[in-house]
Amino acid sequence: MKKIALLGATGSIGEQTLDVMRQHTEEFSLFALAFGSNTEKAIPMIREFEPAVVVTGNEKSREEVRKATNHSNILIGEEGLKAASTASEVDVLVNAVMGSVGLPATLEAIKARKRIAIANKETLVTAGHIVMAEAEKYNTPLIPVDSEHSAIFQALNGERMEDVRRLIITASGGSFRDKTREQLQGVKVKDALNHPNWSMGAKITIDSASMMNKGLEVIEAHWLFNMPYEKIHVLLHRESVIHSLVEFKDRSVMAQLGSPDMKVPIQYALTYPDRMDLSNTDSLELEEFSQLNFSKMDLDRFRCLKLAFDAGKAGGSMPTVLNAANEQAVAMFLEEKISFLEIESLVEKSLTEHNSISEPSLSDIIEIDKETRKRVERYVK
Ligand code: NDP
Ligand code: MG
């Protein structure tokens, strides 16, 4: 029986992780459940899974959970996330919180040598050099949950990294893939939230529409697979059937295919190197597709992807600024305080005006993250 600490249980990945666990009650149990403030979702989960530890984002949610469940071990905030992730009982940490708030818990779990199923890509974008150095130092496995990275991880099974010629990350194109830049001027929040292939949390759905999600994924791939940016390519593939590919030096290409269902990569991150049945997920029936489409990514049309490549290549504290500015801008777009295209211009302005430092420490990153969010707010005012 593997004991799981699940951070971000009330989110899209969190709920799907619990779905996977429901199918394998002999294999997995929930040791810790962490969420932010959605007690309406969290309370039934706590009743169903009876985790030994609960972590909430604030005092109000703690009180609501305590009243509803009588739970006696409810922790709060960052210290709570760290404690839940590193408890001696935990075998696997599933980090599925949204945003760089997930970083400290990941770092502590690495030190505690827990297997980490990492969905929280912002952690790798904002502090990839620290996370990966620590993972190597403590010999802690980071198993990707993001579907593209899980695809690459699976394609690399049994291969030597020096034989890899390039990674090819596929992109569905998000909600606005068929719109011109002019048509993007007046788009609304509800249009951006309407993703054609995947059902996900609000922030990542906006990131998919702006293509920043693909940019974050390029940086995530750079760190997870220790791959130079020149060897990471992005390919537009609207059907989301091929989740990503690896080309080897003999020009052989391995692809991973499947229905667009996050339960597949979530479960693989929990069971790797084993596989288990996943019966309520659709099989991929290729005959249902008369064709699969591929096209080159237009970096002028999708400026956020270019900004991410540039920030990744520049390195130092630039990816931290990219991520923090984007998190702040997306939050403001969701609150209808800025327009869709302002997301990219705010990120670009933040990057241009930042004096990058090389090799930022954890405290530098936390400081730059805070400062960048404030700066974006000031730009808007
Ligand atoms: P959601 O917005 O659906 O969920 C985010 C979760 O994080 C919620 O449970 C939320 O709690 C919790 N949370 C937010 N802030 C805090 C905090 N300060 N303390 C504790 N918990 C907090 O996001 P997704 O599930 O869509 O995405 C999660 C991560 O996975 C992101 O990094 C995303 O990029 C990545 N990812 C997601 C995919 C998907 O299909 N959804 C695919 C690939 C990657 P609450 O709501 O209770 O406040
Ligand atoms: Mg993805």
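In case you wondered, yes, glycine gets a Cβ from its N, Cα and C as well.
As the structure is a computational prediction, the values presented were derived from the model and not from experiment.
Cross-referencing GLY174, GLY186, GLY201, GLY215 with the NADPH binding residues that TrEMBL gives (THR10, GLY11, SER12, ILE13, GLY36, ASN38, ASN120, GLU122) picks out GLY201. Annotated Mn(2+)-binding residues in TrEMBL are ASP146, GLU148, and among GLU78, GLU79, GLU89, GLU217 the one listed with them is GLU217. Taking the binding-site residues SER12, ASN213 in turn and counting surrounding C-beta atoms within 10 angstroms, the largest count is reached at ASN213.
Taken residue by residue, the domain 'DXP reductoisomerase C-terminal' (257-374) breaks down under DSSP into 67 helix, 3 strand, 48 coil. With respect to ligand 1, the binding-site residues GLY36, GLU148, HIS195, ASN213, GLU217 contribute GLY36 as residues with a C-beta closer than 6 angstroms to one of its atoms, given in sequence order.
Under the DSSP three-state reduction, ASN120 (NADPH binding site) is assigned to coil, being neither helix nor strand. In the structure as shown, the Cβ atom of GLU217 (1-deoxy-D-xylulose 5-phosphate binding site) sits within 10 Å of 28 other Cβ atoms. Between the two most distant C-alpha atoms of the annotated 1-deoxy-D-xylulose 5-phosphate binders (LYS121, SER147, GLU148, SER172, HIS195, SER208, ASN213, LYS214, GLU217) there are 19 Å. Looking at the residues that bind NADPH per the record, THR10, GLY11, SER12, ILE13, GLY36, ASN38, ASN120, GLU122, GLY201, the two CA atoms farthest apart are separated by 21 Å.
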